[in-house]
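Have a look at the structure below before the remarks.
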Amino acid sequence: MERYDKAALNAADVPPPSFSQNGGSLVSTLKTLLFFTILMIMLPIGLYFSSKVYVFEGTYGMSNRDSYFYAAIVAVVAVHVVLAMFVYVAWNEGSPQWREGKQD
C-alpha cells in the first residue's frame, strides 16, 4: 500500500481559480449578441413592410408586384448592414492586448 504525501493531498484542496474577472465580459458579450440578434430579426422585417407600403407603393406608385421585389432588396441590404455592424463591434470588443499580441 502506498503512502501519500500530506502536502500533495493538500494541494488538491485548493479551490479552482475564480472566473469572476471574465463574468462581466461574458455578460457584455451576451448583451451584444442579443442586441444584434433582435436587430437582425426586427430591422429587415420592419424595413420590408414599411418600404413596400410607404415608399414604393405610396410615394413612387409602383405596382404590388414591383414593390415586393424592391422591398426585398431593401431588407437584404439591411441584413448585410447589421452583419457588418456586428462584425465591427465584435472585433473592437476584444481586449487590445489580445489584438496586439501579449506584451510582457
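Placement of Cβ uses the backbone N, Cα and C atoms for every residue, glycine included.
Here is what Swiss-Prot records for this protein:
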TOPO_DOM  1-28  topological domain 'Cytoplasmic'
TOPO_DOM  50-68  topological domain 'Lumenal'
TOPO_DOM  90-104  topological domain 'Cytoplasmic'
TRANSMEM  29-49  transmembrane segment
TRANSMEM  69-89  transmembrane segment
Near the topological domain 'Lumenal' (50-68) in space but 6 or more residues beyond its ends, with Cβ under 8 Å, are 74
For the transmembrane segment (69-89), the distant same-chain contacts (Cβ-Cβ under 8 Å, at least six residues beyond its ends) come to 32, 36, 39-40, 43-45, 47-49, 51-52, 56, 62
For the topological domain 'Lumenal' (50-68), the DSSP helix/strand/coil residue counts are 15 helix, 0 strand, 4 coil
